[in-house]
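What follows is a single structure, written as structure tokens, with notes after it.
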Amino acid sequence: MTYPFLKGHGTQNDFVLLPDHDGSVHGALDPTRVRALCDRRAGIGGDGVLRVIRTASLPELAHLAEHAEWCMDYRNADGSVSEMCGNGIRVFARHLLEEGLVDPAAPIPVATRDGVKTIEVAGSQLRVAMGRPQVLGETAVSVGHLTWAARHVDVGNPHAVAFVDSLDPSGPVGRLLEPPVHDPAVYPLGVNVEFVLRRGDRHVAMRVHERGSGETRSCGTGACAVAVAAAVADGRVAGEEVTYRVDLPGGTLTITWAADDEVFMTGPAEIVARGETAL
Ligand SMILES: N[C@@H](CCC[C@H](N)C(=O)O)C(=O)O
């Protein structure tokens, strides 16, 4: 038995897409199968899986069906579920656009475990209304014997944002082969950890270790958390609109924290392959 798949990426955060419009192909989407698909040697390879399913067909999110026809059922490479994926939702929307499943001239609502997000075409890029962030307390993250202060930011999924002096893999942050150590009382379900370097006025660079996927070349929700943490550190006042350029190893994302507190993420998304898989 084989199943259709596509492969896509947003700033090199890459995903296997599984069209399963009525939910009859992949059932509950077993974590073992997700791991097999994401395996970079024995599988297709990816940082995660995006199941493309009608919202009404996914029982846990069916209550959102009146607001969004399509649902991004997202899984990390280790098979775990996350609330949201910022790069993934742009790739998901690109797929809907390329397949003619949505109107390119209208905002595209997509259901996620963090509610409905709306995507708009912005030239060659896609702009996503990501919701309002929660800026929580100070915490700490460690790599080896080094510890950094970190800001807890929730953008639907959890983030710890640490400002550092160097992102060089041969420097203190290292190669991030293991998850940075965090406080489990703050993040009982794990955390995505961003290391951030200032590059200029409202311009930062970052590396990320993602919960469930390891170090990736980009993280959209991470870029939003980083821009929010940088804006707070830069003294943003309520009602002020600020825009940050966030450079990641796989590309650049533009993050705007609007006057009404909504965060918007703009960036590219591409579908690069399609085929059939027996995995
Ligand atoms: N790469 C994603 C985030 C994916 C989910 C994350 N690993 C988590 O477990 O919360 C993005 O682009 O936002």
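Glycine is treated like the rest: Cβ placed from N, Cα and C.
As recorded in TrEMBL:
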BINDING   Asn13, Asn76, Gly86, Asn87, Asn157, Asn192, Glu210, Arg211, Gly220, Thr221  substrate binding site
ACT_SITE  Cys85  active site, proton donor
ACT_SITE  Cys85  active site
ACT_SITE  Cys219  active site, proton acceptor
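Sequence features, as recorded in TrEMBL, placed on the structure.
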residue : record                    : Cβ contacts under 8 Å, 6 or more apart
Asn13   : substrate binding site    : Asp47, Asn87, Gly88, Thr216, Arg217, Ser218, Cys219, Gly220, Gly250
Cys85   : active site, proton donor : Phe15, Gly48, Leu50, Met72, Tyr74, Thr112, Gly220, Thr221
Gly86   : substrate binding site    : Gly10, Val128, Met130, Val155, Cys219, Gly220, Thr221, Gly222, Ala223, Cys224, Leu253, Met265
Asn157  : substrate binding site    : Ser82, Glu83, Met84, Asp114, Asn192, Arg211, Thr221
Glu210  : substrate binding site    : Asp47, Asn76, Asn192, Thr216, Cys219, Gly222
Winner by Cβ contact number (other Cβ atoms within 10 Å) across the recorded positions Cys219, Gly220: Cys219
Cβ-centroid neighbourhood (8 Å) of the substrate site, Asn13, Asn76, Gly86, Asn87, Asn157, Asn192, Glu210, Arg211, Gly220, Thr221 excluded: Gly48, Ser82, Met84, Cys85, Gly88, Val208, Ser213, Thr216, Cys219, Gly222
